[in-house]
Amino acid sequence: MVYTDDSAMTRSLAESLIEKQDLDIVDVAKRFAKSYHEEPDRGYGAGTATVLKEWKRHVEETNIKIPAKNLFDGLGSYGNGGAMRIAPVALFSYNNYDKLLYYVKEATEITHAHKLGINGAILQAIAIQQSLCLNASEELNVTNFVDDLINKMDKIENASEFKERLNIVKNLLSEDGDEPNEQRVVEQLGVKVRALESVPTAIFCFLKAQKRIKRIRTDDPLRRAIQYAISLGGDTDTIASMTGAIAGAFYGYEKFSVLLLSHCEEWERFREMADKLLDIATSIDINK
């Protein structure tokens, strides 16, 4: 399976963090632009492509955020492009929450300047960080997981867009009787390219897959989460990618089926980068 823009940008961000052992947004931008111009057919969104074309002409720290701020009549993009690639930052700074928030904002707003795009990336990174710090051998309390996210987003959001979606996630998870059908999940959470209509959906897919799901015939909860995300339709590559990032952080590499991985382009390279990011995170002083 050939990867799309999600993985292309995730790879560039991871490679920069590994080489620089810090977040260097100019280096990240140059890598994004180089990757795009070498392989422009990875499915990049129009807004991101516009920014990457601007960087190809000239990029330096003083002007790096201007193209993103100019998108959509100066409002910036509120899409999920920041969230879809943020996993390397979550790994790199998982043991320093304040640094995590700072790095996510910096790494996101070079392409997605709208507050919803930035906060979506922050929420995705926090979900990954929470998952990394849990023990997959113990039953996951899905209500507590969502409540922790709500409490953290309460300190970040000026409004309450993502908190409201997280409360919908909690309500859908807590329903008695028959599980909510896919159409209701789509209507209440969304499956579109907006961060608000995809990041909470990815979190829901991960948590929903803690138990068996009708029509998803697998006993593997990690695979179940990804398959369920795909079954909802919409922006499937991004929502499934974000779901997989959260689930992968929770279960670890060992839980991934080798057969499943064998169908994924350059999976061994991505595993290697994840290991290096965690090694760096535990060996350098990220508090400096």
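Any Cβ shown, glycine's included, is placed from N, Cα and C.
Annotated Mg(2+) binding site per TrEMBL: Thr4, Asp5, Asp6, Asp235, Asp237, Thr238, in sequence order. Its own atom aside, the Cβ of Asp6 (Mg(2+) binding site) has 26 Cβ atoms within 10 angstroms in the protein chains shown. DSSP classifies Asp6 (Mg(2+) binding site) as helix under the three-state reduction.
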> Hey, for the Mg(2+) site built from Thr4, Asp5, Asp6, Asp235, Asp237, Thr238, who else sits with CB inside 8 A of the CB center?
Replying inline: Ser7, Gly43, Met84, Thr236, Ser241
> How many other Cβ atoms sit within 10 Å of the Cβ of Asp235 (Mg(2+) binding site)?
Replying inline: 24
> Taking every protein chain shown into account, which of the binding-site residues Asp5, Asp237 has the largest tally of Cβ atoms within 10 Å of its Cβ?
Replying inline: Asp5
> How would DSSP class Asp235 (Mg(2+) binding site) in three states?
Replying inline: coil
